[in-house]
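Some features that Swiss-Prot has for this protein:
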ACT_SITE  Ser170  active site, nucleophile
ACT_SITE  Asp198  active site, charge relay system
ACT_SITE  His263  active site, charge relay system
DISULFID  Cys37-Cys120  disulfide bond
DISULFID  Cys209-Cys214  disulfide bond
DISULFID  Cys252-Cys261  disulfide bond
DISULFID  Cys278-Cys302  disulfide bond
DISULFID  Cys279-Cys327  disulfide bond
DISULFID  Cys295-Cys300  disulfide bond
SIGNAL    1-23  signal peptide
Amino acid sequence: MMNLKYLLFFCLVQALHYCYAYGDPSLSNELDRFNPCPYSDDTVKMIILTRENKKHDFYTLNTIKNHNEFKKSTIKHQVVFITHGFTSTATAENFLAMAEALLDKGNYLVILIDWRVAACTNEMAGVKLAYYSYAASNTRLVGNYIATVTKMLVQQYNVPMANIRLVGHSLGAHTSGFAGKKVQELRLGKYSEIIGLDPAGPSFKSQECSQRICETDANYVQIIHTSNHLGTLVTLGTVDFYMNNGYNQPGCGLPIIGETCSHTRAVKYFTECIRHECCLIGVPQSKNPQPVSKCTRNQCVCVGLNAKTYPKTGSFYVPVESKAPYCNNKGKII
């Protein structure tokens with residue numbers, strides 16, 4: 001039943017991609033008349049985690065100063081925003097696991113953005129998949145919200161933009177991109193990095209840079225591609241990693257039927273890279289990619305938090321295994 005549901009969703013989002021051009025005024029007018037997933041700043045919540053405080057309490061723009069870190073005059077942590085996608089939440093197991101991996105790795109301040117209302121998560125199970133276009137239309141607004149929080153961090157807590165990184169999955173990747181555009185508009189500078197985990201394809205993949213996540217949205221934009229229907233194979237970033245060629249991830253079953261598994265696998269790959277249980281090595285894309293065993297630091301790039309320390313940019317093929325930690329490099333680290 002679950003696979004049938006996502007097969008129907010696949011058919012739906014393909015229809016939406018061709019019937020509703022993102023940013024089309026006629027679509028905007030229709031969404032204004034009836035929006036089952038309305039955006040409001042009041043419905044966006046934040047979970048704020050540090051090594052010292054891992055409580056999953058929700059905060060808003062009005063209550064954020066009740067958190068201990070925001071009672072200080074300066075925040076010295078590296079900051080990571082994590083943003084979920086369509087019909088998901090900040091409390092989904094995959095995102096909490098990512099946050100935990102970050103805190104195990106370094107002394108981060110992790111802010112999970114929960115925009116479940118505008119992402120249509122609260123709608124009836126049999127109906128909400130039809131509301132994708134409404135959630136897609138809310139991504140820029142959620143991006144503006146993240147930019148507002150960023151402005152607070154920079155201007156009130158002396159956090160350098162170089163200390164702020166955004167991670168977003170699916171629609172959350174485009175939301176992160178819109179945040180990157182907004183902070184530049186506010187003259188705050190650029191984020192250190194934006195990491196797009198299988199950015200949503202429907203409604204976005206044929207759009208110009210201004211209407212989706214783009215390589216100019218941060219100093220470094222890392223894209224991890226894992227599905228070609230719910231996601232996209234279009235190059236979007238400073239580096240684009242095509243895991244198993246960007247679709248049909250090992251262990252996810254048949255094409256299309258396993259599309260949702262492939263789409264969410266991007267989150268799991270990135271989390272494993274944070275844990276450094278292995279280095280998922282990207283080799284430059286070509287008709288005949290070189291073996292991982294012959295990679296050097298100047299030729300290839302490891303997926304993850306350290307990707308931007310490698311000199312090479314562009315598109316990379318990344319071989320993966322079907323089970324965590326997903327390595328296909330026999331322990332090689334470059």
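Don't overthink the numbers, they just go from 1 along the chain as shown.
Every residue, even glycine, has its Cβ placed from backbone N, Cα and C.
Projection of Swiss-Prot feature records onto the structure.
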residue : record                   : contacts (Cβ under 8 Å, 6+ apart)
Ser170  : active site, nucleophile : His84, Gly85, Phe86, Ser88, Leu197, Asp198, Pro199, Ala200, Leu230, Gly231, His263
Cys209  : disulfide bond           : Glu215, Thr216
Cys214  : disulfide bond           : Gly177, Val221, Leu236
Cys261  : disulfide bond           : Gln249, Gly251, Cys252, Gly253
Cys300  : disulfide bond           : Ile281, Gly282, Val283, Pro284, Val292, Tyr310, Lys312, Phe316, Ile334
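Around Cys295 (disulfide bond), a 10 Å sphere centred on its CB holds 21 further CB atoms from the protein chains shown. With the fewest other C-beta atoms within 10 Å around its C-beta, Cys327 stands out among the disulfide-bonded residues Cys37, Cys278, Cys302, Cys327. All protein chains included, Cys252 (disulfide bond) registers 21 other Cβ atoms within 10 Å of its own Cβ. Annotation: Cys120 carries the greatest number of neighbouring Cβ atoms among the disulfide-bonded residues Cys120, Cys279 [cut-off 10 Å, Cβ to Cβ]. With respect to their backbone Cα atoms, Cys295 (disulfide bond) and Cys37 (disulfide bond) stand 47 Å from each other. Put simply, Cys327 (disulfide bond) is 6 Å from Cys278 (disulfide bond) when counted between their Cα atoms. Within 10 Å of the Cβ of His263 (active site, charge relay system) there are 27 other Cβ atoms, across all protein chains. In this structure, the CA atom of Cys327 (disulfide bond) is 11 Å away from the CA atom of Cys302 (disulfide bond). Cβ-based neighbour count (10 Å, all protein chains) for Asp198 (active site, charge relay system) stands at 31. The CA atom of Cys279 (disulfide bond) is located 39 Å away from the CA atom of Cys37 (disulfide bond). Calculated from their C-alpha atoms, the gap between Cys302 (disulfide bond) and Cys120 (disulfide bond) amounts to 35 Å. According to its DSSP assignment, Cys300 (disulfide bond) is coil.
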